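Annotated in TrEMBL:
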ACT_SITE  ASP144  active site, proton donor/acceptor
BINDING   LYS17, HIS204, LEU205, GLY206, ASN207, GLY208, ASP279, MET280, ARG281, GLY327, ILE328, GLY329, GLU330, ASN331  ATP binding site
BINDING   ARG87  substrate binding site
SITE      HIS176  site 'Transition state stabilizer'
SITE      ARG237  site 'Transition state stabilizer'
Amino acid sequence: MENRLVLVINCGSSSIKFALRQEGQSLPLASGMAERLATPQASLKWRAGEQQQESALADGEHRSAMAALLALIEQFADQPLSAVGHRVVHGGEHFTGASIIDAGVMDAIQANAPLAPLHNPANLNGIRAARQVFASIPHVAIFDTAFHQSMPAHAYRYALPNELYSVHGVRRYGFHGTSHQYVTNQASLMTGLAMGEGAWLSAHLGNGCSSCVVLDGKSLDTSMGLTPLEGLVMGTRSGDVDPNLHAHLARTLGWDIPRIEQLLNRESGLLGLSGLSNDMRQLEQARAEGHSGAHLAVEVFCYRLARSLAGLAVALPRLDGLIFTGGIGENSALVRALTVNHLAILGLKLNAEANTSLPRGIAGAIQNIGSPAILVIPTDEERQIAEESLALLDAPTS
Ligand code: ADP
């Protein structure tokens with residue numbers, strides 16, 4: 001059947017983001033979000049082309065939000081859904097790719113919950129509710145971690161005693177895999193290589209930020225680790241700090257683990273450095289007006305990003321290009337310029353005019369002559385989830 005329909009669902013503890021995707025189409029037929037679930041203010045917002053609407057959800061439980069989605073889909077779909085694709089944050093070592101959801105897969109997602117205590121249980125709630133409402137079609141789980149399961153042991157192991165890995169699963173997993181996979185595939189197409197080919201550095205810069213090195217469609221290393229706190233400076237997350245910081249804060253300030261987790265996840269990053277905001281747009285404006293905290297935050301963000309990318313480059317035999325994506329990567333000419341400026345060692349040279357004049361939301365190349373490609377590529381994780389879901393349905397069963 002051609003042009004099949006897939007409902008893509010990203011379920012959090014109090015929200016469900018969704019997109020109704022049609023095979024081969026770059027834009028969703030409809031997309032939106034049910035939010036403030038399990039509160040009296042629960043609502044469903046959606047848009048489809050020019051139409052948009054917000055309505056209250058009388059009973060704001062996940063299941064009634066799914067039932068409201070079903071009614072919406074019946075309004076816009078000219079054929080039955082072929083699958084529901086669910087974003088799941090942590091697949092641990094169990095999942096190296098997309099999986100058709102059955103009881104065993106749900107148990108395995110549950111078993112990985114200690115690695116993502118906020119996310120996996122919420123993802124499972126969404127899966128349960130969706131399987132009740134969309135009962136007759138396959139449901140597929142797509143994991144943020146799966147793309148990075150190709151990392152070699154020398155990239156994913158921490159220098160800790162073996163038992164912590166072999167018994168307790170303490171290792172680097174990486175996240176944002178769906179986005180890094182999507183943009184590196186697009187990069188191959190944009191540069192005339194076969195789909196998935198090429199030697200790429202990828203920077204996904206949103207509220208969460210991660211870098212990744214990809215060779216011929218396989219992730220070889222990435223900046224996030226056991227949890228999405230490791231690596232780059234992010235909106236409110238610190239990224240890498242000295243691992244002795246916990247002990248230091250406990251000894252000198254008497255802080256307990258929840259207080260330190262709050263500090264590193266919610267009060268640090270661009271927000272902590274600037275003392276102003278976690279939002280790059282606001283920081284760019286404040287920097288231009290001479291705000292020293294905003295200036296420092298942007299400098300540290302770009303330097304640490306460049307340092308991470310240069311480090312990851314050691315995994316490659318050559319460099320075909322660097323990709324910027326995510327809200328900051330796609331929109332901030334300043335961040336791209338400052339970052340590339342630190343990367344002359346990789347032969348990267350920016351075309352300043354192309355960098356600043358790139359239209360919003362459009363993919364483009366911004367390198368100078370003689371430089372590996374520097375590409376700005378809008379990410380589309382929902383499209384990747386829809387495509388992987390359909391590819392799995394088409395795969396011959398072994
Ligand atoms: P999320 O990780 O939540 O999906 P996004 O990918 O939407 O986040 O990225 C959010 C970040 O993108 C914010 O820091 C925001 O300020 C930044 N951003 C969005 N538009 C611009 C812009 N025009 N210039 C600079 N930064 C921008």
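Glycine residues also receive a Cβ, built from the backbone N, Cα and C atoms like all the rest.
On a predicted model such as this, the values are computed, not experimentally measured, just so you know.
ARG237 (site 'Transition state stabilizer') counts 26 other C-beta atoms within 10 Å of its own C-beta, drawing on all protein chains shown. Recorded residues ARG281 (ATP binding site) and ARG237 (site 'Transition state stabilizer') have their alpha carbons 17 Å apart, per Cα-Cα distance. Proximity note: of the listed recorded positions (ASP144, LEU205, ASN207, ARG237, ASP279, GLU330), ASP144 have a CA within 10 Å of the CA of ARG87 (substrate binding site), given in sequence order. A straight line from the CA of LEU205 (ATP binding site) to the CA of ASP144 (active site, proton donor/acceptor) spans 15 Å. Under the DSSP three-state reduction, HIS176 (site 'Transition state stabilizer') is assigned to coil, being neither helix nor strand. Only ASP279, ARG281, ILE328, of the binding-site residues LYS17, LEU205, ASP279, ARG281, ILE328, place a Cβ under 6 Å from an atom of ligand 1.
Checked against HIS176 (site 'Transition state stabilizer'), the recorded positions LYS17, ASP144, ASN207, ILE328, GLU330 differ in C-alpha distance, with ASP144 being the nearest. Sorted by the number of other CB atoms within 10 A, the recorded positions LYS17, ARG87, HIS176, ARG281 start with ARG281, the lowest. Look at the Cβ of each of the recorded positions ASP144, ASP279, GLU330 and count the other Cβ atoms within 10 Å; the largest number goes with ASP144.
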